[in-house]
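Copied over from TrEMBL, here are the features:
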TRANSMEM  7-33  transmembrane segment
TRANSMEM  49-70  transmembrane segment
TRANSMEM  99-118  transmembrane segment
TRANSMEM  125-146  transmembrane segment
TRANSMEM  152-169  transmembrane segment
DOMAIN    187-261  domain 'PAS'
DOMAIN    264-316  domain 'PAC'
DOMAIN    317-388  domain 'PAS'
DOMAIN    441-482  domain 'PAS'
DOMAIN    516-568  domain 'PAC'
DOMAIN    565-615  domain 'PAS'
DOMAIN    639-691  domain 'PAC'
DOMAIN    723-856  domain 'GGDEF'
DOMAIN    867-1119  domain 'EAL'
């Protein structure tokens, strides 16, 4: 079958020969037209011409036939045709004349044609054609000059030249086409090779129901296992190996594409000849004729099995990476490079930044940066545009406004078809803070090393110091670390007191690689020894060899001393009888001494870790502990008070307890330590004392103190609840006479009998008390004036004809009763007492067993106003310090050394001095005498102390009321003041009247004994007024008897008084008690008391009372203590001499 290009060449050749022949004919005809040519024309010429024309056509036909058989190249055909034509033209006229130019022209043309073919085959540039034309023209010119007479030959040469020129140009065009054909053939060869080497199949199919293949490339064997002949020769084979599930879809896709005259791309599976399943990718297009009819298909098929597996793996990987992205603990997001909008965020970013997903996706990355950082952000984003992946630390702002620092890592990617960046952000705020702290710590390391209080060292395994800090040098007594390193070359012998400690330390380090708290005694540079604690470890190289030892040294000498002291303290704790314990914050005991085991009734070997402190207290104590003790411990760190422990027998043991707490920095208790003392005996005594403080010890009734408190309390309720009541005072008639005649025991029996009788008559709500002596009081609540008669009849009726057996003797007892009603008669306790007292005195005037109710009258009102006035004056004097102390000298009749009795006066508003006889009785009645006594005693003690500081010895006597003996504040106050001032207690003499001492003898003796034990002295004032003074005197440990002035002032006139005084002196001398004579107002009296053996004298003759300030001024005017003593000795001696003179 002839290819299309070959047919074109044949047609072109024939056209070429015809054109050339026609051109030659035209030229010859033109020549014939000329005369010259006409002469040459003859019939032979025409015959010859046509003969050659015929010969040319025959030659062309033969040449083309030969070319078709041998497929010669086109340039050879041109050569033959051209040569034949030239030869024919040359033979038309004169063969001889034209032979030479014809021969030259033919040879030249043949050579040039061959040369042209050769160079055009090598793709010679077009300028070679130009060179050929020049050569032909040159040859033609040569012929002209060689044969100038041969006109025909020249013309023939010119024609030949023109023809050759035309042929050369045609040869150039033909060479270009030839080159294209060669290139096309080469390209087709290369294309076939390429198609066969592609990893797939190039195919062509015919338009039949099975799309049978008409061409397949060699890649089909590798792809399907079938060779091309099998696929082309077997109809429908390719469809048969297409996966049944995919074949309908494939045929449908091809049909749609052909109908739309568009390419198609499909993916499907096949089963290869070996049974393997593969995924294929096919791209094809329909082949249509000029009328649009489908001729077939052409396309390419390639194996995408690996791609499919990659896609599956990629899909799985994408899913895995998405899950990794979402579940990654580090905040991550993806943002658009162009718009900076968030495209995706993970859960960690949502949780960390506080925005929800929708909020994030509506924001840009600028929205999470502080405003001041946006400019730097935009600058940093330039790195992304240059395809860099910036890393660094950025500042971000969370939704709540918190600024954090994050370390980001960015990577470029394509996300959802957009240029994007994936960012992972790690919050390094704390890390930066930590790193900053670490940098600071590292910066301080050298300072710490140099300034550490603990020694730091490095030594070789042999013990040679490599380095040491100044602290270690100080611990070991060296001036510098350099001196220590240079001096301590053998630590085993130079440092350790016990050289074996070094070996023991190394052994422990080799065993455990380190040692902690290794304690040793070492030498300092000066030879002294200290205790140290070492923490050391072995430093090894990568091969495990020991490089050095390094560690720290702490001087624990003080701790060792403390531990020794603590051991001693522990021994003391174990030896003490007090409860000592320590417990943790949960109440678990950590320590308990032996006394604690004993108090709780525990076995000393018992494990206390299973106990709890709340089990060791009764419930009420636990409530107090939680509600009061714990808050106090948290705020103040210490609590002290009284609690109760519970022993194993569930018995409560009262304790006085001190609890100390150690709290943590958070304000919570770490542990508590306690010391508790068993106060069971003290509690028993306190209960007894409390009873005694509120009760009369003789009768068991309430005392004045308690009764006064109850009355005042009830009066307060009166103001609130508008209640009423009555106060009744009862006094035994002539009780002093009964006491003096029948004795104190009989008097005591009488008092107890009356108390029992009255107790029977009162209601449960009534309060009965013994106010003191023979005076009783009854508080009757909810009583009005209308009830007074029934009260009177009840009490008087019970006492009427009541006979009491006192000390075995029947005694008829009568009383005087006074009553007042409140609020009718007043609402103030003292006022009511005064009213009841006045009523009682009124009863005494009326006779025995009389009952009087207070009735206001002018005279009584004056008395009450007077009493209230002085009571207020006394209170004001106490508050404003208006009392004035006077002193009166007491002369020692043997050696003239004197002391002073302190006397009290009151300073009035106008400055006048008020006598004690005016206000002291009122103070006694109103209960203010105890306040006055406390004030006077305190002043006296401070006077003695003040004079002692300047070297003056002052001895003072102070009067104390009998009522003050029961004052619970007086005795502790005296003890406290004596201890505080540090004076000699013997310089303080306390005077108690005989009546007061006898009235409450047990209280007086207790008071005296207590103060005598610390060195105070006592005097009985107004001695001799009581009938039973001598009987009780031996039981009172007094130092002085002050003989009552009624015996002294008439001593010179009354012989009986002299005998009484002599008897008192003899009795006192027998009891080693000194005597003092009061009211010595004359020299005669002084002489008599001296003769009667009285030791001291006091009175106006000895010295009148003077203010204490005046006495101190007199003392200051005397230069020395000896002169002062001489002054008083001289005065006393003169008085004695005068007395002796009078006696003689």
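Along the chain as shown, the residues are counted starting at 1.
Glycine is no exception: its Cβ is also placed from the backbone N, Cα and C atoms.
Residues of the same chain lying 6 or more positions beyond the ends of the domain 'PAS' (441-482) and with a Cβ under 8 Å from any Cβ of it are 488-492, 495, 502, 522, 524-526, 528, 530, 532, 539, 546, 548-555. The average pLDDT for the domain 'PAC' (516-568) in the predicted structure is 91. DSSP assignment over the domain 'PAS' (441-482) gives 20 helix, 9 strand, 13 coil.
Assigned with DSSP, the residues of the domain 'PAS' (187-261) fall into helix, strand and coil as follows: 40 helix, 12 strand, 23 coil. Counting residues of the domain 'PAC' (516-568) by DSSP class, helix then strand then coil, yields 12 helix, 30 strand, 11 coil.
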